Amino acid sequence: MTEASEAGGSPEMDDGPGGGGRPAWLQRYDLVGKIGEGTYGLVFLARTKLRKCIAIKKFKQSKEGDGVSRTAIREIMLLREISHENVVKLVNVHINHADMSLYLAFDYAEHDLYEIIRHHREKLNHSINQYTVKSLLWQLLNGLNCLHSNWIIHRDLKPSNILVMGEGEEHGVVKIADFGLARIYQAPLKPLYENGVVVTIWYRAPELLLGAKHYTSAVDMWAVGCIFAELLTLKPLFQGVEVKATPNPFQLDQLDKIFKVLGHPTPDKWPTLVNLPYWQNDQQHIQGHKYDNPSLHSYVHLPQKNPACDLLSKMLEYDPRKRITAAQALEHEFFRMDPLPGRNALVPSHPGEKAVNYPARPVDTTTDFARTTSMQPSQPVLWENLNLKPSAASVVAPRQVPRPMPMVGMQRMPGAAMAAFNIASQAGMGGVNPGNIPMQRGAAAQAQQQQLRRKDPGMGLQNTGYPRQKRRF
């Protein structure tokens, strides 16, 4: 038996009873312990019979009581359509017949940015070297550029959702994970704001905090800016206290933390600010407050004219229409300077320098995975409503994803692997995207694309890559 056949070489669905009181699919794995927990459910570390590590994500059952997690279905549909080196790989989908619960199997990543930052802050007591920071950020932007170029907005970027591979062929490679809040944001079936509060509060963009009814991929770029600052300083930049009882997204303390660093936004610099629902709340509570000499560069301990500070300030631009995009950020001067970013972000920055031995993500071996898996039958589910397998009509020519010329040692996944965006619509041919959303045809399609680019500047910009110069590898 090959390892691919054990872990699932490509996403597939399997289920069925097995011996020993365990579902058949579960007998493929040796369960090690719990590595994560959230509102979605649990994540377990498992090993195949050939000792390959796999992360198994178990979703809580749907609140509607039909046993199917809508969050899981959304994550499956998006990840089945995206194949990119800097996006986590979904290798299998398991369904437990007894309670109709879904389990997603992913390639296991030994590290995440949260643990890397914490290790430097609490154990090493020194900053992350510039090569590692630059490589982690470049790969994060590279994966995000793929998502945004395919009209996918993540909406929950934070250090714990940015994984880094351990020893092996992909050592030091960044993987964007946790697509439970991700959405197709071109012509969504319903306004994005109706999904409720998104993005963990410390990484939440100001337009979200002020109740924006429409938002774009710029909210992801704000989160990347917060992560970038955290990589530089080893602590969150905006550590607000969330009031969870409030029914609206307005968070006074979080806005206050942002304004202390960046100063107060004004309609002159952010014209659409006056249209945001909670701007009046801000006027009443904050605008009378004076912020003494706010300066981003002093908080991140960088000279004001430093390229890293310039890139960070463009990521943390108040006006989302002016905020730098992932494609633009990849072209920034910061990534053209020594040390150049590389594929393995965890190697030493200089020859002869000792590599940092980062600890693996904590594993809780006390949680009994079997007890989280019901063997009792539940109410039947209408399988046609799952719609897990895309129809032939939804498999269309992929949109060419703009990305930089590969660096030496930085291997890329083939663009043909991506089918999330319907390029046929741009050519006036119509079709559907991965969310089965009808696309405009003909001249209407071109007009729609122009309108979307006005809303989201930089979308689809061609990235010409790095100029020919000396390389790190």
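Yeah, the Cβs are placed from backbone N, Cα and C, and that goes for glycine too.
Taken straight from TrEMBL:
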- Lys58: ATP binding site (BINDING)
- 29-335: domain 'Protein kinase' (DOMAIN)
- 441-473: region 'Disordered' (REGION)
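For the domain 'Protein kinase' (29-335), the model's average pLDDT works out to 89. Annotation note: Lys58 (ATP binding site) sits in a strand segment as assigned by DSSP. The 10 Å shell around the Cβ of the residue listed as 'ATP binding site' contains 22 further Cβ atoms across the protein chains shown.
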